[in-house]
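Novice: I'd like to ask some things about the structure below.
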Amino acid sequence: MFIPIFFILSFLFSSTNAADFCVGDLNGPVGPAGYSCKKTVTVNDFVYSGLAATGNTSNLIKAAVTPAFSAQFPGVNGLGISIARLDLAVGGVIPMHTHPGASEVLVVIQGTICAGFISSANKVYFKSLNKGDIMVFPQGLLHFQINAGKTQSLAFVSFSSPEPGLQILDFALFANDLPTDIIEETTFLDAAQIKKLKGVLGGTG
């Protein structure tokens with residue numbers, strides 16, 4: 001009786017220690033489960049300073065997302081979490097998009113942000129959020145954020161995965177070579193509108 005208990009306890013303790021963390025080795029292979037584990041780890045692997053600076057919002061959407069995913073912050077590899085900084089200039093927008101691999105929590109630090117998502121039953125949930133407000137976006141659902149104020153907005157978003165994934169609806173439709181006639185038939189938009197959007201977003205076809 002003693003020997004089986006001894007082996008069970010040994011297994012539990014060794015498994016607990018081995019599973020504490022798996023800092024990503026960015027020079028090693030990466031697969032569906034993330035990066036392989038780095039052999040030599042220091043405290044710096046668990047600290048990231050890349051979210052301190054304001055993102056560049058001089059672009060089409062007047063917004064910037066600065067990620068701290070496993071590729072930027074290897075310490076989150078395998079832990080089921082990550083974070084990003086969201087900067088929105090006046091009139092800035094994060095277009096309708098999804099994260100196939102994670103749910104998202106947003107906390108407003110500065111300004112006013114109109115945010116919302118659409119359920120799989122096509123019900124819309126949106127609200128104007130102010131400093132200190134938090135909103136959750138369930139995994140895989142279409143959602144958006146818009147600067148609804150007259151000043152720069154800042155938010156931080158956390159994810160339930162170190163690699164949440166991203167698909168922006170507008171880019172999926174108009175920033176590639178999907179033929180215009182197929183988009184016309186599946187979206188009920190006319191060809192002129194589609195070609196205009198393709199021109200703006202760099203699509204062809």
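A Cβ is built for glycine as well, from the same backbone N, Cα and C atoms used for every other residue.
Heads up, here are the entries from TrEMBL:
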type	residues	note
SIGNAL	1-18	signal peptide
DISULFID	C22-C37	disulfide bond
DOMAIN	49-195	domain 'Cupin type-1'
BINDING	H97, H99, E104, H143	Mn(2+) binding site
BINDING	H99, E104	oxalate binding site
Novice: I'd like the per-state residue tally for the domain 'Cupin type-1' (49-195) from DSSP, helix first, then strand, then coil.
Specialist: 22 helix, 56 strand, 69 coil
Novice: Are there residues of the same chain, six or more positions away from H97 (Mn(2+) binding site), whose CB falls under 8 angstroms from its CB, and which are they?
Specialist: L142, H143, F144, L166, Q167, I168, L169
Novice: Measure from the Cβ of E104 (Mn(2+) binding site) and count the other Cβ atoms within 10 Å, all protein chains considered.
Specialist: 23
Novice: Per 10 Å Cβ neighbour count, which of the disulfide-bonded residues C22, C37 ranks highest?
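Specialist: Going through C22, C37 one by one, the largest Cβ count within 10 Å is at C22.
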Novice: Can you grab the distance from C37 (disulfide bond) over to H99 (Mn(2+) binding site)? Cα atoms, rounded to a whole Å.
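Specialist: With distance taken Cα to Cα, H99 (Mn(2+) binding site) is 25 Å from C37 (disulfide bond).
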Novice: Taking the centroid of the Cβ atoms of H97, H99, E104, H143 as the Mn(2+) site, which other residues of that chain lie with their Cβ within 8 Å of it, listed in sequence order?
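Specialist: What remains near the Cβ centre is T98, F117, F137, L141, L142, P164, L166.
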